[in-house]
Amino acid sequence: MTNLRKTHPLMKIVNHSFIDLPAPSNISAWWNFGSLLGVCLMIQILTGLFLAMHYTSDTLTAFSSVAHICRDVNYGWLIRNLHANGASMFFMCLFLHVGRGIYYGSYLYKETWNIGVVLLLTVMATAFVGYVLPWGQMSFWGATVITNLLSAIPYIGTTLAEWIWGSFAVDKATLTRFFAFHFILPFIITALVIVHLLFLHETGSNNPSGINPDSDKIPFHPYYTIKDALGLMFLLLTLLMLALFSPDSLGDPDNFSPANPLNTPPHIKPEWYFLFAYAILRSIPNKLGGVLALLASILILLIIPFLHTANQRSMMFRPISQTLFWILTANLITLTWIGGQPVEQPFIIIGQLASISYFMLILVLMPLAGLFENYMLKPKW
């Protein structure tokens, strides 16, 4: 009798995706983050669903409904802490996943990469509207500052901003629609994840060497299911440590105060995972220029496949490109630090230099390094 998992219409899909999937024999722990992101998404949807059962999206009661969840709902404090810190884990895994893709040349699978960039943008949008929901000071002012950027668009900007707000400022209508967006977007993300996997399974996984792995493949189960389980254990351990021992360490103290449109916080800043983009936005003194730089900082990922000049796919055997990659990593950490600092010297100039070097590294230095490495590898006799 033929195995049911190989014949049943639904189980056959699962089998080809997670069980009998041929995977390269040499993929490292850097390939764990895809499955970890799937787990993060499931955790966020489940905890979010339970939070939505008790949350009210009204400016008068939103803040107190979150307090009610933490005080009066059974394990509400835990669900909220898991959801808030789960977002941080989600972005940590996302950044490592994208970094892996850049280092090992996975971006040459263009369809998978482009869907991945769309996923990144959608997750960022979801996190932004979600941060507004508790209706604390930083929620309100963060929403005000970021939605106000739309008004920088020539001619239609102000109309567009008011259309998003549903009013003449961030108010009740804004909160209600942001809750609606925050509820629907994770399901759109889930659909995009399926498309992402569909394109990935058309080509198969890349591997650290960047060489075609077709001659040496192993079944996904049990080899990579057990390897993913180890990564999952570390993820859950870190998330639980954060949520149980230090749940507010990544949040902003200003968000413990209810939103007050008459009182501006001294430093308006987003959550840590947006600080690098926020630093790039602030580094340009012109409003429209800042908005364009902000968009470019993420959308630049879409042109990375066209900037690949090296004869080798992976950076595994390309020391100059490796050095530039780690400089880029340090640069992003610097931008994250600057994004959380007040707008004063020396932070302004450091932010501007880091922003310039971010674009220089990706657009100029890394493609040149690839060409130079090609030249160095040419036989000279």
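Indices start at 1 and increase along the chain as displayed.
Each Cβ is built from the backbone N, Cα and C atoms, and glycine gets one as well.
The transmembrane segment annotation in Swiss-Prot covers 33-53, 77-98, 113-133, 178-198, 226-246, 288-308, 320-340, 347-367, and the record cites similarity to another entry as its basis. Annotation source Swiss-Prot lists heme b b562 binding site at His83, His182. Feature annotation from Swiss-Prot assigns heme b b566 binding site to His97, His196. Residues or ranges marked as ubiquinone binding site in Swiss-Prot: His201.
Long-range Cβ contacts of the transmembrane segment (226-246) within its own chain (Cβ-Cβ under 8 Å, at least 6 residues beyond either end) map to 29, 32-33, 35-36, 39-40, 43, 78, 81-82, 84-86, 88-89, 93.
The stretch in 33-53, 77-98, 113-133, 178-198, 347-367 that contributes the largest number of Cβ pairs under 8 Å to the transmembrane segment (320-340) is 347-367. Counting every protein chain shown, 22 other Cβ atoms lie within 10 Å of the Cβ of His182 (heme b b562 binding site). Below 8 A, the CB atoms of the transmembrane segment (113-133) and the transmembrane segment (288-308) form 3+ pairs separated by six or more positions in the chain. The stretch from 77-98, 178-198, 347-367 with the most CB pairs below 8 A to the transmembrane segment (33-53) is 77-98. Long-range contacts of the transmembrane segment (347-367) within the same chain, counting only residues at least 6 positions beyond its ends with a Cβ under 8 Å from a Cβ of the stretch, are 279-280, 282-284, 293, 296-297, 300, 304, 307-309, 321, 324-325, 327-328, 331-332, 334-335, 338-339, 341. Taking the Cα atom of each, His182 (heme b b562 binding site) and the residue listed as 'ubiquinone binding site' are about 29 angstrom apart. Minimal Cβ crowding within 10 Å, among the binding-site residues His83, His97, His196, His201, is found at His201.
Comparing His97 (heme b b566 binding site) with His201 (ubiquinone binding site), their Cα atoms are 17 Å apart once rounded.
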